[in-house]
Each structure stands twice: as structure tokens, then as C-alpha cells.
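Quick notes on the structure that follows.
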Amino acid sequence: MKRNLEIKELFLKHFEKPVTELKFSNLYELLVCVMLSAQCTDKRVNLITPDLFKAYPDIKSLANANLSSLKTYIQTCSFFNNKAQNLIKMAKAVCENFDGEIPLEEEKLKSLAGVGQKTAHVVLIEWCGANFMAVDTHVFRVSHRLGLSKAKTPEATEEDLTRIFKDNLNYLHQAMVLFGRYTCKAKKPLCKECFLNHLCKSKDKELK
């Protein structure tokens, strides 16, 4: 319990109110960015979206997009075929079911094509500062290396982290993402530079 609290405090200390590295200027752009970022790097998404948003500047234009044309804008993104279909379906649903306004209730967001729990939580974290945890590959790796969870799925890992940390989950989510991306990397983690080194018992720990 004391160790978990120290981990939490150190994350909040080293990452003061961290935010996503995805570049967006409104809720529509945020949702599209987060949908594209599934199993794709933020860096890649940020290369794709400037031209994408020039072509489809709002939810209505995306709802009316030609599928083949949309694919040409996102073809360098992983799983672009499925993502293109989901983007159009999502936009149509927003226009038809929510009067063109992207809903900010979790269940309504999750009713949209291509929007699962992680995507919904990330949108609500970044746009509303909601007290949610979202588990991507970085958060999953970090939480397991630190012994915060032994769960085998992102959903169960999210439950563990929510139970352990309770509040400031929005900041902790983004802190763990950045920590996993730049310090606690999948390959060659920077353990000697890590502010959590003294609390880590991971078999992946690099001491050299």
C-alpha cells in the first residue's frame, strides 16, 4: 500500500499535468486522432492528420466522405481499411443520433463504431479531465513491470489501477504513457535513469 502510494506520488511529481502528444484543436479532431492511434504511434498520426483535417474539417464532411478517398489520407496508418470504415460509420452515427454533437457520456461514446472503452476513456481524459484510467501497450507494460497488476487483459489491468490509485487517474494515465514511451521502453528500458528504479522488481530491469 505504501509502495503504491509512493509510485503514484512520484508519477505525479515527475509528470506535472501531462497531456497527450496527439495534435488536435477540437473534440472532433481529438476523437479522430484517438481512433487512428490504436496500434499506431502518435507520431505517425500527427503526420497524417493535417491533410486529413483539411479534407474533412468537421464531423459532417467525414460522414459524407467517400471511403476510397478517405483511405488515401490514412493509408500509412495501421489497419487503415478498418479505421476508414469506422471513421465514416462513427461520423454518420454522430450526425444521425446525436445531432452532429459528439457525446461526452462514456456509454454513448462507446456506442460509436470503432470506439471501445480505451478510446472513450482517452477522449474523456483529454477533453474533460475525467477521472478515468485507460490502458494502452505502454500503461500495460509499466503497470506489470512495477507489479501494480498481474492481469492478463488491458480491461482487468485498468480495474487494478483504478482500484489502487483511485484519483488523479487522468494524469496518471498520461504519465504512464509517456514514462513507458520514453523511459520504461519495451526494449532497452532506461533503468539507470528511472525515478522508480528503487521500487522496481521487474525481471526486465537493466542494471548495466
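Here the Cβ of each residue, glycine as well, is placed from N, Cα and C on the backbone.
Feature annotations, reproduced from TrEMBL:
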type	residues	note
BINDING	Cys184, Cys191, Cys194, Cys200	[4Fe-4S] cluster binding site
DOMAIN	36-182	domain 'HhH-GPD'
DSSP three-state assignment for Cys191 ([4Fe-4S] cluster binding site): helix
Other CB atoms within 10 A, centred on Cys200 ([4Fe-4S] cluster binding site): 17
DSSP-derived helix, strand and coil totals, residue by residue, for the domain 'HhH-GPD' (36-182): 98 helix, 0 strand, 49 coil
Greatest C-beta neighbour count within 10 angstroms, which of the binding-site residues Cys184, Cys191, Cys194: Cys184
PLDDT averaged over every residue in the domain 'HhH-GPD' (36-182): 97
